[in-house]
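Peer 1: Features from TrEMBL:
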type     : residues : note
TRANSMEM : 12-28    : transmembrane segment
TRANSMEM : 48-69    : transmembrane segment
TRANSMEM : 81-102   : transmembrane segment
TRANSMEM : 114-136  : transmembrane segment
TRANSMEM : 197-216  : transmembrane segment
TRANSMEM : 266-293  : transmembrane segment
TRANSMEM : 299-317  : transmembrane segment
TRANSMEM : 329-348  : transmembrane segment
TRANSMEM : 363-383  : transmembrane segment
TRANSMEM : 395-417  : transmembrane segment
Amino acid sequence: MTENRWTINEYVTYILLTLVFLASWTDINGIFAELPQIILTQPEGARLGAYLALITNFGNIAPLILILIKCFNKKQTLNPIPINYIVISIGMASCFSLIFFWQYTRMIFNQNYSIALLILAFFLSLLDCTSSISFADYIQKFRAEFTSALFLGESLTSIVPSLLAIAQGNGQLRCTSINGTNVTEAVYETARFSVSLYFLCLFLLLTISFISFVLLQWTSIPQHAFQINRKISLKPNEDNQETTSTLFQQKSPTSSESLSLNRTSYLLLSFGCTYTSSILFGMLLSISAYVLMPYGQEIFYLGTILSPWMFTLVWILGMIKPSVSKRSILLLILMGTMTFLFELFIALNSPCPMWVHTMKGNVLILSIWLCTYVLLGYPRLVIANYVRNYSSSGMFWYGVNVQCGALIGSIVAFLLIETFSLFREVIPCEPSKC
């Protein structure tokens, strides 16, 4: 094997890793992608999204437990392998249960709630929040070239559910007049297949992820993909079996590449990861309707469908240029912050922001919306390539920073929207007086 040319097994390993990481947020992202269809039959209606967002934040309890275990066992590192087995398995069980029980409701305090959907979403959020850490920690076992598989899998967790929603005809609406008057109402198109079949597709995706993880653990396919400084057994029936059943493993010696960052730079890059994650996975998801909907249902639809593809573009950029200077990282984050602040300004002026009802406004806001994902997503990927070389636990704490950022961003957005009521919603098919 040469330095610059991969073997067939290494390409297969990269694909298997991508499929494993597809299990991270596919289920929760899938529920949110299916919301336009679910709210048509559930008692909460449009408020269901707020309930699900709150429950998803509660899922950060699980990563907190991992962090505490990590801190109390400083001489040992958490072994992500058994954690990944648990994460994917329970995710499969929860998705399978959704097929049959997603519509189940129960009366609580004289109010009807989608109790089964909310409980299963909570379990999924526990596991997905954990996977952000355990999957990031798991990729550290492999050579640096395989780190980008984590980001490809991450991008697919949004893309695949959105493609399923498009195939289903989810979210498509038309405005019809009421009794021949000038008053219009939004009518959602009938879906091509049911919500239960949609959840069945998500279950099959998680099953593929589980099979991929088993192949990585119990075959010799990834034997040339592991880091050289780690002693990995090529006999799956011997040492791998012991590794799978053991929650902790001894630290491996730190390589000389760990000296590429000093402590101050590492802390600053970690903060950069938390900051970019707070916007990408906390703020943008929460304010998307207030930013895009004033410019029309079509712009809102395009923005929500195309934004996951920007993570794939980030992955491509990471493959072409996996690292840039720290100064360039700062510059990109500053540019991404400027575009985000512009979007925040638009949201604060909803439902009548600047250039509303104009083609210039439509093109501008859609372009800026998509650029924010790239400007903040790419430096986040580069930061991962830096911190994985800082220590053997670099990617573990990278995953922690991602979850902390997402939690902080979601809380800030919730306060701005629910507590302070700074944004005003645009109702589909209702003409705005601007």
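Backbone N, Cα and C atoms are what each Cβ position is placed from, and that goes for glycine too.
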Peer 1: In the same chain, who gets a Cβ under 8 Å from the transmembrane segment (299-317) while lying at least 6 residues past its ends?
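Peer 2: Hits for the transmembrane segment (299-317): 148, 151-152, 154-156, 158-159, 162, 166, 171, 284, 288-289, 291-293, 362, 365-366, 369-370, 373-374, 377-378, 380-381.
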Peer 1: How about the transmembrane segment (48-69) with the transmembrane segment (363-383) - do they touch, taking at least 3 C-beta pairs under 8 Å (6 or more apart in sequence) as contact?
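Peer 2: Not in contact, no.
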Peer 1: Please work out which recorded stretch in 12-28, 114-136, 197-216, 363-383 has the most C-beta pairs separated by under 8 angstroms from the transmembrane segment (266-293)?
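Peer 2: Selected stretch: 363-383, with the most Cβ pairs under 8 Å.
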Peer 1: Using Cβ atoms and a strict cutoff of less than 8 Å, what residues sit near the transmembrane segment (81-102) while being 6 or more residues removed from its termini?
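Peer 2: Counting only partners 6 or more residues beyond its ends, the transmembrane segment (81-102) has Cβ contacts under 8 Å with 20, 23, 27, 38, 66, 114, 116-117, 120, 123-124, 127-128, 130-131, 134-135, 138, 195-196, 199-200, 202-203, 206-207, 209-210, 213, 217, 243-247.
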Peer 1: Which bits of the chain, at least 6 residues beyond where the transmembrane segment (197-216) starts or stops, bring a Cβ under 8 A of a Cβ in it?
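Peer 2: Distant Cβ neighbours of the transmembrane segment (197-216) are 13, 16-17, 19-23, 26-27, 30, 34, 37, 84-85, 88-89, 91-92, 95-96, 98-99, 102, 160-161, 164-165, 168, 222.
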Peer 1: Restricting to the same chain and to residues at least six past its boundaries, which positions have a Cβ under 8 Å from a Cβ of the transmembrane segment (12-28)?
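Peer 2: Sequence-distant neighbours of the transmembrane segment (12-28): 6, 56, 84, 87-88, 91, 94-95, 121, 124-125, 128, 131-132, 135, 139, 142, 146, 149-150, 152-154, 156-158, 160-161, 202, 205-206, 208-210, 212-213, 215-216, 221-222, 225.
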